[in-house]
Amino acid sequence: MVQETVNRAGEKVLGIIGIVFNILAMAFIGFAMASYSSTPEFRQSIEDAIRADPTMANPEDVDRIMDMMSSGFNVMGWVMIAVLALSTVLAIIAIVNLRKKGNASAAGVLFILAGLFAGLLSLTSILFYIAAIMCFVRKPRVQNKQSLRDDDFKYQEDEFHRKEDSFNNEHTTHKDDDTPYRPL
């Protein structure tokens, strides 16, 4: 059975673009965490906005909220960076799997997982989902129909279909006007 190879350049390009977007998102999150912790003006503006709320009468509540926000912001930032890093690693493994012949389905599964970790409906995850669909849908074409029959022992034993196919091969000549249906 002779099969053509499928050019997987589209899947690779989508995967690389998704990886670049993941790296940019990780850098943006890291920059936001660093600027939040090192810029007292930013923290002060948030604290002033909370103090302006008429329901906040106690200054200790504002301090407690600010402490929870800063620790929560750092934890969530690092969790998001870790999840995006995992998504990036899965996408890299998927691109490496595309180089191997016959591993497109495994690469598709890895692209789906990378898309889930990149965020359900972010641009990066949509690129990974499209690459996964392309991995699943695009299959190599069989070059010669006869080569399939040469490998099939049941077909070789079936005399009726072999005789029927001998009349319908490409070497018989017929004209376009040889149809039994003619216009009136």
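The backbone N, Cα and C atoms fix where each Cβ goes, and this holds for glycine too.
Taken from TrEMBL, the feature domain 'DUF4064' covers 7-118. According to TrEMBL, the region 'Disordered' annotation covers 160-184. Annotation comment: TrEMBL describes 13-34, 75-96, 108-137 as transmembrane segment.
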Within the same chain, where does the transmembrane segment (75-96) have neighbours whose Cβ lies under 8 angstroms from its own Cβ atoms, ignoring anything closer than 6 residues to its ends? I mean 6 or more beyond.
11-12, 15-16, 18-19, 22-23, 25-26, 29-30, 32-33, 106-108, 110-111, 113-115, 117-118, 124, 128, 131, 135
So, by DSSP, how many helix, strand and coil residues make up the domain 'DUF4064' (7-118)?
98 helix, 0 strand, 14 coil
